[in-house]
Amino acid sequence: ATTGPRIPPTRLALHHFDVSYSLQLKDLWPSVRASLLCEQKYGALLNNFSPVDHVAQELELLDATDFVSEAPKKAQPLQQGAAAEEAVRGESRSQEGSGEGRTVMQAEMMTQTKMSPLLRTSISPNIKCYTFPRGDITRFRPARPDTLGLLDYYLLDAASLLPVLALNVQPGDFVLDLCAAPGGKTLALLQTGVCGHLAANDVSISRTKRLYHILHSYVPREIRETVSVTSCDGRDWGQLEGGTFHKVLVDVPCTTDRHSVMEEENNIFHKRRTKERQMLPMLQLQLLVAGILATEPGGAVVYSTCSLSPLQNEYVIE
């Protein structure tokens, strides 16, 4: 018997994305495709448990900026523009009233939308993540230990912080990171400095070991002792500790699109993992339901993936 040539899983992934995302994103797909195939750019999440003032100064001298603190400044003109458009539409609908009254109304609308309440409350002043400007492919130096042996920053995809910011952790909140390994988001949650208790769980024992390593490399013992690390099946969490958390992060396993088109190792588009990939939306739904059940009434759940697929995002939520 003869077998056909082996097709690398990265090529299978790219073909799959070309077929599905070109329909979904249309004219945007070529630029998104190019970005997926570019070398990954990292952000440097400063470690507040280590002296960071000199680190921030060092990064700023390299022209890196803290994108978290810059976000409100960049969002404000966009929100003001949207407010101005709404004011113009309101003015065109209005057939009565003086021009002065309409001008006052427009000014009031622009003032009220300088920064949306959601954006304002979601930006933790304690989280600082530095990135280089668009087009700048400078690499950050490796993290260095301080006098206590704690590393000064953690390199991660800056977009990984968005779910943590959206969770909007408040002082004293009991927080669950349901699919926590390898640990970047868990570390970011600790950087807020306000978690009353943090539970970090991942079903994979080997990945949980990586989480432990991150905690020991960045977090002092007295803080680590406030974190409970477990290796349970996240789908069962609602039965284990139902209705006990103020905030739950459900960052589910997914096709991890950039990894799938760039890395052969552990690629979910490998033919032996076809069934696993097809079952992802069901797994994601089960994890989301468990996260909801683990949340107390009035709490909040953030669901996130590293995929552009509607099947793994909107359809799971809906």
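Backbone N, Cα and C define each Cβ position, glycine as well.
The active site, nucleophile annotation in TrEMBL covers C306. If you look up TrEMBL, you'll see C179, A180, A181, P182, G183, G184, K185, D202, D233, D251 marked as S-adenosyl-L-methionine binding site. TrEMBL lists 80-318 with the feature domain 'SAM-dependent MTase RsmB/NOP-type'. Marked as region 'Disordered' by TrEMBL: 73-101.
Features per TrEMBL, on structure.
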residue	record	Cβ within 10 Å
C179	S-adenosyl-L-methionine binding site	22
A181	S-adenosyl-L-methionine binding site	25
G183	S-adenosyl-L-methionine binding site	26
K185	S-adenosyl-L-methionine binding site	24
D233	S-adenosyl-L-methionine binding site	12
C306	active site, nucleophile	18
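For K185 (S-adenosyl-L-methionine binding site) paired with C306 (active site, nucleophile), the C-alpha to C-alpha distance reads 13 Å.
Put simply, G183 (S-adenosyl-L-methionine binding site) is 15 Å from the residue listed as 'active site, nucleophile' when counted between their Cα atoms.
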